[in-house]
Amino acid sequence: MEFKEGLTFDDVLLVPKYSDITSRSQTDLTTKLSRNITINIPFVSANMDTVTESSMAVAMARAGGIGIIHRFLTIQEQANEVLKVKRSGSVMIENPYSISSDKSIQDALDYAEDKEISGLLVVDSNSKLVGIVTERDLLFAGSNGTIADVMTKDVVTAKPGVSLDEAKDILHKHRIEKLPIVDDSGIIQGLITSKDITNNTDYPNASKDKKGRPLVGAAVGVKGDFLERSESLLNAGADVLVVDIAHGHSENAISTVRNIKKAFPDCELIAGNIATAQGAEDLIKAGVDAVKVGVGSGSICITRVITGSGVPQLTAVMDCAKIGNDHGIPIISDGGTRTSGDATKALAAGASSVMVGSMLGGTDESPGTVLTKNGKRFKVYRGMASLAASIGRKSKETGSISLEDDLNDYVAEGVEAMVPYKGTVTDILKQLAGGVRSGLSYCGAHTIPQMQQNAEFIKMSRAGFAESQPHDVLLM
């Protein structure tokens, strides 16, 4: 039996090359997420229930990346998370939330809380705009009475086709924050808010769809409701779907890809996880638009320990990237990234983007509450193949769990852990992107594709790795 050498990020360094780059701002981190989707920084937040829901996905898109909403929600809950992202940054909300004027004030309060919005357009029985109700109107109104009693009736509106500059002038002139767009019949066609205009200005590097809304992806499984879930997510506005399975080089994954592509041929579809060239080849033949690479490399993954299977991440990326390049299909490196240097190595090895989980877990935008232990703050971070995640998933799917059966039947390939509380994800993404920009400059590259052409790896010993770390000093 022949043994192949497998290397990961800590086994190698990139050899510095001549660079004509005088400032990191001269580098361009634009890259392909999938066949037809471009993002402005090469980072994707992992589809994990302790990493990505709408708050994380919004932050990722504003920074120029993309978030993948995890699938361990009901179909409607997951679709709502996608909708929240799309509504968070659209210059014009196409289907703004509205409520009938004869509904109670309590109905408006409940609806606004459920949708996490600050105001509602008010319509009559013919769906024509008759008013607007905001938090200010409802603040001291109590719960009795109808919306018609408290709404603002004299609403400033604009016609379809109004330009952004015209909308800004109208909002400023009338000192208002919301501008409904109505046609000649009084039917609502959209809504422009001052907040959305501000967001459009404040995040110039944001990744957006053709309508100017934040990019967002969502994960689906390979069993049960995956087609129904896919349809709901696409209808909600998901830009890309991710077929999410631990062993992506399997008939379950391949048949799911084919079925989704058959039902939704225009859907951008990512699938994984795989770790070999043949796995990439088979998924690409099935119709994927990007391949997610990484088996057992994540910080909370114990697949390699439990099953004995896996490929060191750098070798896996390099092997799969050769196949991806042959077919024009991007590769996503998923797992094992602990530093911006690791991300740079993954990109240099052929990945078009890097999926990150543990680095983003513990941030304000990740789901979950902050815990305090021994005077320090943490958040829970768990693998999606952990027992806790499996039980949570089954509870969502069936509405009940049998702990005895779950413990007997399930073999965990992930663990549940705590990661330090890190504050906002924005700062982490700035550091990651800045590190990769510096990495490009050391490789004499202005772009990620140019770095992949220039890249030269050198294998290092454990002594070389130790030399690469801070040493012979007492860290403060």
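The chain as shown is numbered from 1 upward.
Quick reminder: no glycine exception, Cβ is built from N, Cα and C everywhere.
Per Swiss-Prot, the features are as follows:
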ACT_SITE  C301  active site, thioimidate intermediate
BINDING   D244, G294, V295, G296  NAD(+) binding site
BINDING   G296, G298, C301, E467, S468  K(+) binding site
BINDING   S299, D334, G335, G336, G357, S358, Y381, R382, G383, M384, A385, E413  IMP binding site
DOMAIN    92-150  domain 'CBS 1'
DOMAIN    151-207  domain 'CBS 2'
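The NAD(+) site, placed at the center of the C-beta atoms of D244, G294, V295, G296, has further neighbours from the same chain whose C-beta lies within 8 angstroms: A246, G248, G272, N273, I274, A275, K292, V293, S297, G298, C301, T303, G310, D334, G335. Among the recorded positions C301, G357, S468, the residue whose Cα lies closest in space to that of G294 (NAD(+) binding site) is C301. Per-residue pLDDT, averaged across the domain 'CBS 2' (151-207), gives 88.
Comparing CA positions across the binding-site residues D244, V295, G296, G298, E467, the one lying closest to Y381 (IMP binding site) turns out to be G298. Cβ neighbour count for V295 (NAD(+) binding site) (all protein chains, 10 Å cutoff from its Cβ): 27.
In three-state terms derived from DSSP, S299 (IMP binding site) belongs to neither a helical nor a strand segment and is classed as coil. It is 15 Å from the Cα atom of G298 (K(+) binding site) to that of D244 (NAD(+) binding site). Counting every protein chain shown, the Cβ of G296 (NAD(+) binding site) has 24 other Cβ atoms within 10 Å. Minimal Cβ crowding within 10 Å, among the binding-site residues G294, G298, is found at G298. Cβ neighbour density within 10 Å is lowest for S468 among the binding-site residues S299, S468. Within 10 Å of the Cβ of E467 (K(+) binding site) there are 10 other Cβ atoms, across all protein chains.
Secondary structure from DSSP puts Y381 (IMP binding site) in a beta strand. Checking the recorded positions (D244, C301, E467, S468) against G335 (IMP binding site) with a 10 Å Cα-Cα cut-off leaves C301. Comparing C-alpha positions, D244 (NAD(+) binding site) sits nearest to C301 among the recorded positions S299, C301, E467, S468.
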